[in-house]
Amino acid sequence: MPAESHTVYPAYRFSIAPMLDWTDRHCRYFLRLLSRNTLLYTEMVTTGAIIHGKGDYLAYSEEEHPVALQLGGSDPAALAQCAKLAEARGYDEINLNVGCPSDRVQNGMFGACLMGNAQLVADCVKAMRDVVSIPVTVKTRIGIDDQDSYEFLCDFINTVSGKGECEMFIIHARKAWLSGLSPKENREIPPLDYPRVYQLKRDFPHLTMSINGGIKSLEEAKAHLQHMDGVMVGREAYQNPGILAAVDREIFGSSDTDADPVAVVRAMYPYIERELSQGTYLGHITRHMLGLFQGIPGARQWRRYLSENAHKAGADINVLEHALKLVADKR
């Protein structure tokens, strides 16, 4: 497990994307044990859930820092209210979702469809910036539907950075189809256009920009960093979290030893014990840990044992200890 480390680089140099149903608080706690410096994002949380919901949608562990809250919404006043609450809770950044293409999100008038209304996005960002001192950022695509020209993208960035005073953008290097494709298909079918994102950074050198989409290794991340201020990794970091073990050293220049996956599992035990005592099921935590040993002998046995046993009544850390033994036996 990496120790607290110091780096000359900002946290946004390498971040984990907000992913619905994946980057919950259990996932983020686990990922933090693999990298001290990586910027973590929550799942998208709607303004309606925060303002009217019964649960605590802003809950997180102090150990997760640096951590950003991604908001979904299009009402400037509601977003400002939620941003203020998030800052009071200690979040390090507020991010506005202008990239998710799902029907559920569009029906709520937020996500990628907002890209067609740059002035509204600017109003939303400005409303949040006016009430918080932490960074307010925007995650978006390179276009939507047939509005996919470079001129359209530049106009969007111009408006949101100018009238909205947004200083940082995370650009998913694909356009989004607002109808006809599922969210999963929208992550795979529209072609990646990294050169367009690089060009955007060159044309807006005063803005901070991170690139997202299809990045599968630290080598690829380092190549993107030749052109961009930051790199955001999504599915690969979730499905193969072991790649984060070297992030502090390779991306942030830390002298710390890379995180050891077995040590990371055992470092989870106090957190797991605490969560189990509060009624959390073991499987709700371990589902995020299934890919930890990918590429290591015993990975399949690890995944299978956890998948078959972590959901059972009374499952506790003994399940993890047994799964670790299966990995050790294969080494």
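Yeah, the Cβs are placed from backbone N, Cα and C, and that goes for glycine too.
When Lys54, Lys84, Lys139, Lys201 are compared with the FMN site residues Pro18, Met19, Leu20, Gln70, His172, Asn212, Gly213, Gly214, Gly234, Arg235 in Swiss-Prot, the one appearing in that site is Lys139. For the recorded positions listed here (Lys139, Lys184, Arg300, Arg303), the lowest count of other CB atoms within 10 A around the CB belongs to Lys184. Following the DSSP three-state reduction, the secondary structure of Arg235 (FMN binding site) is helix.
Here the candidates are the recorded positions Arg187, Asn212, Arg235. The one whose C-alpha lies nearest to that of Cys100 (active site, proton donor) is Arg187. The DSSP secondary structure for Arg300 (site 'Interacts with tRNA') is helix. Cα proximity to Asn97 (site 'Interacts with tRNA') (within 10 Å) is found for the following binding-site residues from Leu20, Lys139, Asn212, Gly214: Lys139. Here Lys139 (FMN binding site) is compared against the recorded sites Lys184, Arg187, Arg300, Arg303, and the shortest C-alpha distance is to Arg187. Between the recorded positions Leu20, Cys100, the minimum number of other C-beta atoms within 10 Å of a residue's C-beta occurs at Leu20.
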